[in-house]
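Asks: As listed in TrEMBL for this protein:
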| type | residues | note |
| --- | --- | --- |
| DOMAIN | 59-189 | domain 'HotDog ACOT-type' |
| DOMAIN | 269-382 | domain 'HotDog ACOT-type' |
| TRANSMEM | 365-381 | transmembrane segment |
| TRANSMEM | 402-424 | transmembrane segment |
| TRANSMEM | 450-471 | transmembrane segment |
| TRANSMEM | 478-495 | transmembrane segment |
| TRANSMEM | 501-520 | transmembrane segment |
| TRANSMEM | 532-552 | transmembrane segment |
| TRANSMEM | 572-589 | transmembrane segment |
Amino acid sequence: MFLRMGLASIRRFSSALPPMAIGQVRETLQRHVSALQNPAALTAKVPAYSALGHSVDVGRDKVIIPLKSKPEIRLYYTNYKLFARLGMILEDLDTFAVWIAYKHNQAMSVPMGTPAHEPMCIVTACVDKIDFHDQDIQSDQDIEMHGHVSWVGRSSIEVTMTLKQKPYDFHEPISLLTAKFVMVSRSPSFQQSVANVPLALESAADREMFQAGLEAVQRRKHFERNSLLAKPPSEQERFILHDIFLKTIDQKHSSLRQRVLPEGHVWLEDCKLKNSIICFPVKRNLYGKIFGGYLMRQAFEAAWANAAIFSNGRPRLRSLDDVMFRKSVEVGRLLLLSSQVMMARESVVRFDDEAAFHWFYARRAHLFLLEAAYAYLLIYGPRLVRRHQNYLNEELLRMGNVLWNAINAAGSALLLLCLLPEFLSSLLFSGLYGSICDSGTLYSGRWSGWAMHIFVLSKVWELGDTVWLVLRRRPVPFLHAFHHTVVLLQVWISYRSTGAVARWGVVMNLALHTLMYSYFVAQSLSPTVRRMAPFITAAQITQFGTGCTILLRALQYSWRGVKCDTGTQELYFHLFLHVAFLYLFVGFFKKNYTGRRDLCSLRRVCYSIDRSIQISVNAEVLDVESGESETTNTFQFTFTADNDVPTVLPKSYADGMLYLEAKRHFELNKW
C-alpha cells in the first residue's frame, strides 16, 4: 500500500514536468527497444506488483508536436493550404500509441528508455477509428497529443489518443481528432504473444471506458466472422445488388449484356488510382521493418488524391477506420498501393464556392446597372406612381405587400436554418477565434455554402421593399435607401473575401430579418398586434454594435500577427460601414422613438393603419354669457407618417363611434 502511495507521488511529480516533444519520444523509444536485445538482463527488473495491474494514469501521457517552438520541422508538416499535413500526423499517432503501450507495461518506478517489463515488442495491429473534428490544424502552432490505455486484453492493448491545439494562444485548446489504436505484444523473436500488465480499474469511469473497449473488440470479431470473405451477402444485400443491376440494363433490348450507365453515375471500375513506392531503409521502424505510420501516410495520400480526382475538388477527411496491419513490410520491397472509390453519397457533396465567386465577379457590371436602376426608382418612381394613381388599388397593394413580407420572412428563416449548424459548430469546436478567423466550410459546405450564395442574391430581391413603398405612396427614408444600396454593394463585391467574419454578420442579419418581416405580416393582418418598431430598430443597433466588436476583435488578431483569413484592408472597410450604419440607426431611433408624444393620447386621433393617421377636429363656439357651446365645424384630416404609427383602439362606446366614423372617412377618401 505504501509502495503504491509512493509511486502515485512519483506519477504526480512526473506529470508536472514539461511534456516531451515527439522527436524525444522517438529517440527514447529507440533506446528502449535497443535495450530489449538482452532479455536475460531484464527479467530481474520486472517488479512483482506489476501482476496486480497498472492504473490508467500509469500509461497516461502528454506529448507535443513542436510546430511553433521548432520552426525547422514546420516545412515537413505543412500542406498546400499552409495547414498541417494529416499524413505526418498519422505517423506521429502511430509512434505515440507505441509509446503509451510500452509506458503502461513499464515499471512505475523506472523511467522509459530503460526497459522494466517482460521482454516484448509492441507493434500496431489495427487502427479501430480516427474521428476528425472538422478543424483545420494550424502548421505554426504546437499540437498537444494526449493518450492513455483504455482497454487491455492478454496480449492486446487499446490506446485512445486525442489531439488538441491552442490557436495562437488566444483560446483554450480545441479538440482536433480522437483516435483508437490496437497494439499487440509479441516476443522479441515475433514467434509468440506476450501478456500485458493488466489494467486496474479504479473508478466507474474506468470501468465504463474498459467496457467500451471490450465492446469494440467484440464488434471487430463479429465483423471478421461475418465478412464477405467468410459468408455470402445477406438477402437484403443481394436485393440491393440486383436492383443496381436492373438499373444498368438496357430495357429496350431486353439483354443482360447491354449495360447502360444512369445519368449522374460512374462505373466503380473507373474510380481506381494506383501508386508504387520503393521501401527504403530510412523508413524503418524500431524493429527493422517499414514503419506502420509511414504506410498509413502513403495510403491516406493515395486515397485523398483519388477522392480529389473523383470530386473535382479538395476533399476534407472525416474519419479513418478498419486499418489492419496483417503482415510486416520488409525494407527493399516494392509497395503497390491501389485506391478505389467504394461509395459516394450526395449528403457529402460540397458547394462549389469557386464557381459562385467567379459568377459574382463576372457580373460586377450588372451590379452597377442594377444600382443605377434603383437610383432611378428613388428619383422618378414617386412621380410615375402619382401620375398613374387611378390605376392602383390600395387594397390589392396592401395584400401584395403582406405576401411579399411573408415570403421574405420564410426565406430568411430558411437561410438561417441552413447556416445555424455551421455557425454553432464553429463556435463550439473552434471558439471565438475560429468563428472569426477560420471560415472552414462556411462557403464550401453543402447547405452553408448554398445559404451564403443565396444571401447575396437576396439583397437584390430586397430592393423590392423600396418598390412596395413607392407603389403605396409611402415616403422612402434616407436610411432605408442608403442601407439597401450599400449592403448590396458590400456583400456582392466582397463575397468570400470577407472570410469568417461574415459568419456573424449574416446569421445576425437573417435572424433580425426573420423577426422584422414576420412583424410586418402580423401588423398588416391584425391591427391589435403590439407595436414593435422601436424594438426592431434597437435590435438593428445591437446587430451593428456586435458587428463592430467582432471586426475589432479580428483586427486585434491581425495586429498581433495572428493568422486570419480576412485581410486587414477588408476588415477596415467593413468596420467603416458598420460604424456608419450604427450612427444612422442610433440617430433614427432618437428621432422617432425617444422624447415623442404618444399619438394615442391625442383624443382627436380616431383611426390609424400602417403609416396613415385619420384625425377629426371639432370647432365649437362658446357663449360666454350663457355658458353654452355649439359645434360649428367638423374636419377630417388624413396624414401619412414617415414610419409606422401605433394602432388606435376605442375604449368606450362613444370612442367606438368616433373610430367607425373616422374609418369610414378613411376608406372613402383613401388614395
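Each residue, glycine too, has its Cβ placed from N, Cα and C.
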Asks: Where else in the chain does the transmembrane segment (365-381) make close Cβ contacts, counting only residues six or more beyond its ends and a cut-off under 8 Å?
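Replies: Beyond its ends, the transmembrane segment (365-381) has Cβ neighbours at 460, 463, 466-467, 470, 476, 481, 484-485, 488-489, 492-493.
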Asks: For the domain 'HotDog ACOT-type' (59-189), how many residues does DSSP put in helix, in strand and in coil?
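Replies: Tallied per class, the domain 'HotDog ACOT-type' (59-189) gives 31 helix, 54 strand, 46 coil.
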Asks: Grab the same-chain neighbours of the transmembrane segment (501-520) for me: Cβ-Cβ under 8 Å, and only residues 6 or more beyond its ends, written as numbers and ranges.
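Replies: For the transmembrane segment (501-520), the far contacts come to 402, 405-406, 408-409, 412-413, 415-416, 419-420, 422-423, 426, 435-436, 439, 442, 451-452, 455, 529, 532, 536, 539-540, 543, 546-547, 550-551, 554, 566, 571, 574.
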Asks: When the domain 'HotDog ACOT-type' (269-382) is classified with DSSP, how many of its residues are helical, how many are strand and how many are coil?
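Replies: The counts are 57 helix, 22 strand, 35 coil.
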Asks: For the domain 'HotDog ACOT-type' (269-382), what is the mean per-residue pLDDT, to the nearest integer?
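Replies: Mean pLDDT across the domain 'HotDog ACOT-type' (269-382) comes out at 82.
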